[in-house]
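Worksheet for the structure shown next.
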Amino acid sequence: MAELNFKAIEEKWQKRWMEDRVFEPDRNAKPKEKKFYITVAFPYLSGHLHVGHARTYTIPDVIARFKRMQGYNVLFPMAWHITGAPIVGIAERIKNRDPKTIHIYRDVYKVPEEILWKFEDPKEIVKYFMKAARETFIRAGFSVDWSREFHTTSLFPPFSKFIEWQFWTLKDMGLVVKGAHRVRWDPVVGTPLGDHDIMEGEDVQILEYVIIKFILEENGEEIYMPAATLRPETVYGVTNMWLNPEAIYVKAKVRRGDREETWIISKEAAYKLSFQDREIEVIEEFKGERLIGKYVKNPVTGDEVIILPAEFVDPDNATGVVMSVPAHAPFDHVALEDLKKETEILLKYDIDPRVVEEISYISLIKLEGYGEFPAVEEVEKLGVKSQKDEEKLEEATKNIYKAEYHKGVFKIEPYAGKPVQEVKDLIAKELQEKGIAEIMYEFAEKPVISRFGNQAVIKIIHDQWFIDYGNPEWKEKAREALANMTIYPESRRTQFEAVIDWLDKKACARKVGLGTPLPWDPEWVIESLSDSTIYMAYYTISRHINKLREEGRLDPEKLDREFFDYLFREEFSEEREKELAEKTGIPAEIIHEMKEEFEYWYPLDWRCSAKDLIPNHLTFFIFNHVAIFRKGHWPRGIAVNGFGTLEGQKMSKSKGNVLNFIDAIEENGADVVRLYIMGLAEHDSDFDWRRKEVGKLRKQVERFYELVSEFASYEAKEGVELKDIDRWMLHRLNKAIEGATKGLEEFRTRTAVQWAFYSVLNDLRWYLRRTEGRDDEAKRYVLRTLADVWVRLMAPFTPHISEELWEKLGGEGFVSLAKWPEPNPAWWNETIELEEEYVKNLIEDIKEIIRVAKIEDAKRAYIYTAPEWKWRVAEAVAEKRDFKAAMSELMKDPEMRKHGKEISKMIQRLIKDRAFEIKRIDEEKALREAKDFIEKELGLEIIINPEEDKGGKKKAAMPMKPAVFVE
């Protein structure tokens, strides 16, 4: 067969789908129980979509197609996200001719040079990639209702008015507030950064360090050296301080409110603290070595402790000053032990090695299972030899910190006897009240880079607008909604619960970027994770809005709060519709239709997206729905999918390790791409794109097309007499229908593909082998029937070639709208399946015997099936599952007692092997029916149950496991 022209087939059916508006739902449907509304996070248009995105968008399309074929009225809409700073940042970098950005857009995204320079205007970026994304989605065969398409920001006024309404509603509820809060900040551009504004380090946590002001006397001046710690309770156990002798430190005046102090901190810390409500005036810079060997005073205990050298101290982490608590910190203990062995380092700084030798550890925490110094014991237990054993040290630190926090009891007055997790906060609070300590915010990992290409810092912002996700009552409603939602996979539920717990105020607006101006404070622009939480409701009315816009009958400025309140929050009212018609100029009957559509489609059945959106978008989606909509409109389910890699490597635009979705379609055909990414891993697992494997799959898809095309010419005559192998094929087809259906109902796409494609393909290969040489009506009936079912099973995954094959089969209309197959009760036949499995296994066993025994020129095989009494033993064991019970039951029969010793051994063996599943088949009948086939497969004469016991094998026969002798 000639190579299949996937592109021609795809274009043919995409054109027909668009012309016939196949994927626009029935607008007159009434029974709500047969509606299915599914959405996926709309794509952000800063570049081309890659094959990782392909997974995110193909999953809901496959589910939408499946439900449509099940008879549901399905809504699967799409829109485009352009809000925020990233697109503006890209335009800025292209304007500045940034080489990295130019490389990505010219070489990776293949943007023509004449268009690339237009990207200095953010609107040109949006225009180009919106068109490209739409084309990609159409080329992929996504069954989208394009009549509802829109994009975000004030560039699309109707949606912008919807967002204004959302924010007024939240503000009226007290859920949008103004105040001071820590945010990720781009210090160059001067704007807060949401998750989508981060190019690198999006998931990095913000840590809250307590910085404790140790006191240094220098030239008669009292100077503070603030040591940063996540464990303020351990200040009672400090034995020394650590500084990096090679790092640059500063002496600086630090002003906060009406307080002015002199601090010594790293140069990097001085810069970062200047963003956290402190005015920093650097007096001098110097290397850390200047302070090594000096003493500082612990402000809590009054102890004088020495400053020791430590190159492990990172000046870019917190203050660059570290307090050492070796009894409870494995790193500190090991660093001290290393220093004791490296006296030359101490002598370099005129430190007497005996000073370090004589450092006494201070025990603070009683921990069950450990002695006085848990850190020392954990280090010994894990076999840590030095600071070079980084992995083991990290493990030791994690183990001790976790154990002490959850199970430790504090030993030092006035907190003695209290749990560490309680003491930690008490001490932190007390130290701050006394002015001994302050708070500093720091990233848990670095770097954190904004999409403008700048290193982010943490800034305390005043007069910033926030959505208050920390509101306790709101959290409770979100928990209630989550408890009533279906989450796929269920294992992700705990992550949602955790996010609801820790979510706090979230900056919702910034002063740069594209978006909708905050309606009451328009110098602020609503950011991208805040204008994308309830747009699923807007989809329900957007086709009407779009039509009115196209006809020139819409004034977006008239879409006020009352308009959206009525559509989304009030009961039906003819009077209100007339009032709103007067105000908006929209006919009352259209307003009524909008209201009807919202009430019909809501609640949303499924929200789909990748797992990285759980800590932000997907949880914000729950919060905003429970705030704005009544309980009956709260979402029903969220499906979370995994990520994609390319040839085993994480995809990276900057490194060129990325495959654009559209390029994958061009290379392989949309249906091959769809089937590959759906069949490679379950939707919640990560997948790896391998070009070689995609090529293999393409050949299998072509074989599918070839087989069904051939079977399309057959006539499926009802009432033909079927042989057992025909019944087996129909039974297996039933299993494929059942397996694929269950897989798709549970979003287990890999399982569904295994059943719908691979299982049918493999079973068909076996059936064709078993029926080789036959060309009768029964076989033609089976193959024609199989073709009809198989094409429908494959339609959600490979819609284009399925449509082409459906047409060849003479199917009515589009296969996309055909009835999803259901198991035929008349086809079920477990016994025939067992018999066929029995034949398959026997063939493999005989091949193995010939190979292992190295039998050359084998002529015949003698097959001995299990006698009746062995079947009875197997059935008794399956029923009783106990030696005594089975033996007792069997020995009641005099005939069985004749085989007493053999039965005893057989029961023991079956119980040991846990052979508790047994279903009786007529082994001899199965063998005689398949005798010709077995002989042909093996090239041997097959003799079934002869009188002669060849090689004494007869006694080895067991139920479902015949004895074999080959000569």
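Heads up, the Cβ atoms here are built off N, Cα and C, so glycines get one too.
If you look up Swiss-Prot, you'll see Lys653 marked as ATP binding site. Spatially close to Lys653 (ATP binding site) yet at least six residues away along the chain are Gly47, Ile104, Val108, judged by Cβ distances under 8 angstroms. When secondary structure is read from DSSP and collapsed to three states, Lys653 (ATP binding site) falls in the coil class.
Across all of the motif ''HIGH' region' (43-53), the predicted model scores a mean pLDDT of 93. The annotation motif ''HIGH' region' is assigned in Swiss-Prot to 43-53.
Taken from Swiss-Prot, the feature motif ''KMSKS' region' covers 650-654.
DSSP assignment over the motif ''HIGH' region' (43-53) gives 3 helix, 2 strand, 6 coil.
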